[in-house]
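Novice: The structure that follows is given in the form of structure tokens.
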């Protein structure tokens, strides 16, 4: 018995929606365990969201309609992206040709853009600082992202993530080519930067160097819950792209039976476990960089992407 | 020519060794610490030794084994040891006042690699199957030369300048191992001893500078003294 394509597509979105807090909870827990303290329960992000959804929303007097609409835009953007990328099945589902990789990148960036506007909207000082820092990081990270997308499309001769997945599954020589390995390294740098991890983002939130927390400082109640959930989903989506398109293209359902879908959820969790452990090691051994050294990891990522493109021309 | 009938496995071994050595050059370019430069240089030399050994094995040049051993011994052990001694005697542990920040030099280096690739692509006239190995070797050789020049130009500590020189030389050596593997043994040995003498002279120069001028940074040595 195979599930219909529509059901599969809904399953992809639901998988991202429901499992994103679990990934966040695992990372928080494991980080604390490495530092030999107990850490919060792995289900704590779910409880936080539940609590926030039952609280009253307090809106600042200076806020305009952008303040109300930004969390919804950000949340919706994160719901659209899982339709476009291979989460559970490795074949293109009917709606997945709505946008290629650049389209997915645009929707992801649209979510961040809405939050940046919201940070500026209420006139709070911290919101402004957070937004300006986030924009600076986006400016530094965007060239690398574009080059990574160009590099992977040069390898696969296509802009669709499914084609890349099939190519990497089918030819080990492409998988182990320097071009692809450099792309993995470049995307890993992007992953650290975009999911608020350490060389740049501070591990303790609500302090003077905060970036993402500063933008949403004015929010409370259900709107805050939406924003937090959107950022967890963004992390989950980026991990999915990193695993299913770049690093570990194996273990995805091909036909679409319920059992196969369940298997690919389990495989996805195992892959995320591996990537999250690497991220946690980086977070534990790295200290936060000074503000004026933010460009160093991003320049390294840019370099990897350029090397990947040069070596993809050599093949 | 040996490269005309190289098989995919050999091609991938050569390219991965060469690409990792290029990456180590970027470690030198992006790091703040003088010690890291020396470690990266040592690892790079070991990789080049492995490259000459594998070229010697696959192409059937037994004298390349001798060169591999000499490379590993001199470039991989003796030169780094001498450089570490020089650094230990200095009071500068890292490049503080580089003209270009490490991140900008990384980006500039990436552009230089692209430039090297364009040149190599133009120089390549062969049409046989493994032509990409030739382009790869040329690209990496040229980019390591450019990066060496870049280090010579933007760094002002004496030790990083000599490392720029050594990287430049490593690049030529790496390219020659792949492109003209049958180069006479004697020339290679002469080059190795040249390098040894360069580093020894630099050691003396650094000692002299520390005693008489108090610094080894070219930034502070720009006044003529009669």
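Don't overthink the numbers, they just go from 1 along the chain as shown.
A Cβ is built for glycine as well, from the same backbone N, Cα and C atoms used for every other residue.
Grabbed the feature section from TrEMBL, which reads as follows:
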TRANSMEM  B:12-30  transmembrane segment
TRANSMEM  B:37-58  transmembrane segment
TRANSMEM  B:64-84  transmembrane segment
TRANSMEM  B:105-123  transmembrane segment
TRANSMEM  B:129-150  transmembrane segment
TRANSMEM  B:162-180  transmembrane segment
TRANSMEM  B:186-210  transmembrane segment
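Distances, neighbours, how buried they are, the whole picture for these features please.
Specialist: Residues 6, 36-37, 40-41, 43-44, 47-48, 50-51, 54-55, 102-103, 105-106, 109, 113, 133, 136-137, 140, 143-144, 147-148, 150-151, 163, 167, 170-171, 174, 178 of the same chain, all 6+ positions outside the transmembrane segment (B:12-30), place their C-beta atoms under 8 angstroms from a C-beta of that stretch.
Packing against the transmembrane segment (B:37-58) from elsewhere in the chain are residues 2, 6, 10, 13-14, 17-18, 20-21, 24-25, 27-28, 31, 64-65, 67-69, 71-72, 75-77, 79-80, 83-84, 87, 159-160, 163, 166-167, 170, 173-174, 177-178, 181: each is 6 or more residues past its ends and has a CB under 8 Å from a CB in it.
Sequence-distant contacts of the transmembrane segment (B:64-84), counting only residues of its own chain at least 6 positions beyond either end whose CB sits under 8 Å from a CB of the stretch, comprise 35, 38-39, 41-42, 45-46, 48-50, 52-53, 55-56, 159, 162-163, 166, 170, 173, 177, 181, 185, 188-189, 192, 195-196, 199-200, 203.
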Novice: Please indicate, using numbers and ranges, the residues of the same chain that are 6 or more beyond the transmembrane segment (B:129-150) and have a C-beta under 8 Å from a C-beta there.
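Specialist: Answer is 3-6, 11, 14-15, 18-19, 21-22, 25-26, 28-29, 105, 108-109, 112-113, 115-117, 119-121, 123, 164-172, 174-176, 178-179.
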